[in-house]
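Colleague: So TrEMBL says this about it:
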ACT_SITE  His70  active site, proton acceptor
BINDING   Asp71, Val74, Gly76, Asp78, Ser80, Glu92  Ca(2+) 1 binding site
BINDING   Pro167  substrate binding site
BINDING   His197  heme b binding site
BINDING   Thr198, Asp249, Thr252, Asp257  Ca(2+) 2 binding site
DISULFID  Cys39-Cys119  disulfide bond
DISULFID  Cys72-Cys77  disulfide bond
DISULFID  Cys125-Cys326  disulfide bond
DISULFID  Cys204-Cys236  disulfide bond
SIGNAL    1-19  signal peptide
SITE      Arg66  site 'Transition state stabilizer'
Amino acid sequence: MVSSMSFLFLLSLLTLVPSFLCSKKFEGYLYPQFYDYSCPRAQEIVKSILANAVANEPRLAASLLRLHFHDCFVKGCDASILLDSGGSIISEKGSNPNSNSARGFEVIDEIKLTLEKECPHTVSCADILALSARDSTVLTGGPSWEVPLGRRDSRGASIKGSNNNIPAPNNTFQTILTKFNLQGLDVVDLVALSGSHTIGNSRCTSFRQRLYNQTGNAKVDFTLDQYYAVELRNRCPRSGGDQNLFFLDFVTPTKFDNNYFKNLLAYKGLLSSDEVLLSKNQESAELVKQYAENNDLFFQQFAKSMIKMGNISPLRGPRGEIRKNCRMINT
């Protein structure tokens, strides 16, 4: 009799484990199984919608990966980048790094709408961004990783933080590294995450100075292959054409691989912020060479660095909210 009662008591305790894990022990942590009970199809839904979107417009993969990056560097990974202006909120979409540049919001809207029908008020917009970044990488041939989940959404945005915290194409190496360090990321993370430029595009206005006046001498940047510079000048004139798009990796522009690093070694990196990884720091230059030689090594570190970046100041527990609409806070 005593033995039976002990067994029943133990069984009753075990039934409490999932809720205990979610509400107490792991309140301050993110973990991949967060939605296993509350929304078991969440990751499947994100991947399915994203696959269709990227199939129709391959450029979206890089756009969604960039959204997660630009979100995490401002107030942490809290989906603040998705908020529209309204009330006391001034949207980050109007900041210098995001204006006429950040995109993919409609895909996030579609994912959120579907998830709200599947499991209302459960999956955060911040987690949708993190999952979309992972799935965009996989869909273009890159590595996969388990995404820690359980972020909550912010109730505000910071256009000042967006203007100040996100590395710019013309920043010096030290400025870029400092901005990474302030987020708890190091030079290894900087080089690995810069490898995301293996897919996507950049606007003429983001690298024009390299073609015409990089050091104030009215000449082409000497660290840029001169024949490549001539090609770029054809569609990126001294004035006008600001929004003309160019592949960040002209060799395999829609495939996630290590050609970005090979391009740097050939002095055919598009942005100044790419080139400085090779020319301005010995440690970063060595990493560029390693990743150019070993695609698997790059993939392994990229996955680690993405997980690390995704853990920048997440809102958990009673902090933040689960938005019903990713573009506005709940009322």
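Backbone N, Cα and C define each Cβ position, glycine as well.
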Colleague: Applying the rule Cβ within 8 Å of the centroid of the Cβ atoms of Thr198, Asp249, Thr252, Asp257, what extra residues of the same chain belong around the Ca(2+) 2 site?
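Modeller: Along the chain, the qualifying residues are Ile199, Val251, Pro253, Lys255, Phe256, Asn258, Asn259, Tyr260.
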Colleague: Starting from the Cα of Asp78 (Ca(2+) 1 binding site), work out which of the recorded positions (Arg66, Cys72, Cys125, His197, Cys204) are within 10 Å.
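Modeller: Checking Cα-Cα distances against Asp78 (Ca(2+) 1 binding site), the recorded positions within 10 Å turn out to be Cys72, Cys125.
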Colleague: Give me the CA-CA distance between Thr252 (Ca(2+) 2 binding site) and Cys326 (disulfide bond), in Å, as a whole number.
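Modeller: Cα to Cα, Thr252 (Ca(2+) 2 binding site) and Cys326 (disulfide bond) are separated by 33 Å.
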Colleague: Nearest by CA distance to Glu92 (Ca(2+) 1 binding site): which of the recorded positions is it, out of Arg66, Thr198, Cys236?
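Modeller: Result: the closest of the recorded positions to Glu92 (Ca(2+) 1 binding site) is Arg66.
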Colleague: To the nearest whole angstrom, what is the C-alpha distance linking the residue listed as 'substrate binding site' and Thr198 (Ca(2+) 2 binding site)?
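Modeller: About 17 Å separate the Cα atoms of these two residues.
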Colleague: Compute the mean position of the Cβ atoms of Asp71, Val74, Gly76, Asp78, Ser80, Glu92, which form the recorded Ca(2+) 1 site, and then list in sequence order the other residues of that chain whose Cβ is within 8 Å of it.
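Modeller: Other same-chain residues with Cβ inside the cutoff are His70, Cys72, Phe73, Lys75, Cys77, Ala79, Ile81, Ser154, Ala157, Ser158, Gly161, Ser162.
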Colleague: To the nearest whole angstrom, what is the C-alpha distance linking Cys204 (disulfide bond) and Asp257 (Ca(2+) 2 binding site)?
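Modeller: The separation of the Cα atoms works out to 23 Å.
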Colleague: Including all protein chains displayed, how many Cβ atoms other than that of Cys72 (disulfide bond) lie within 10 Å of its Cβ?
Modeller: 29
Colleague: So what sits near Cys77 (disulfide bond) in its own chain, CB-to-CB under 8 Å and at least six residues off in sequence?
Modeller: His68, Asp71, Ala126, Leu129, Ala130, Arg151, Met309, Gly310, Asn311, Ile312, Ser313, Pro314
Colleague: Check the Cα distances from Cys125 (disulfide bond) to each of the binding-site residues Val74, Gly76, Ser80, His197, Thr198, Asp249 and keep only the ones within 10 Å.
Modeller: Ser80
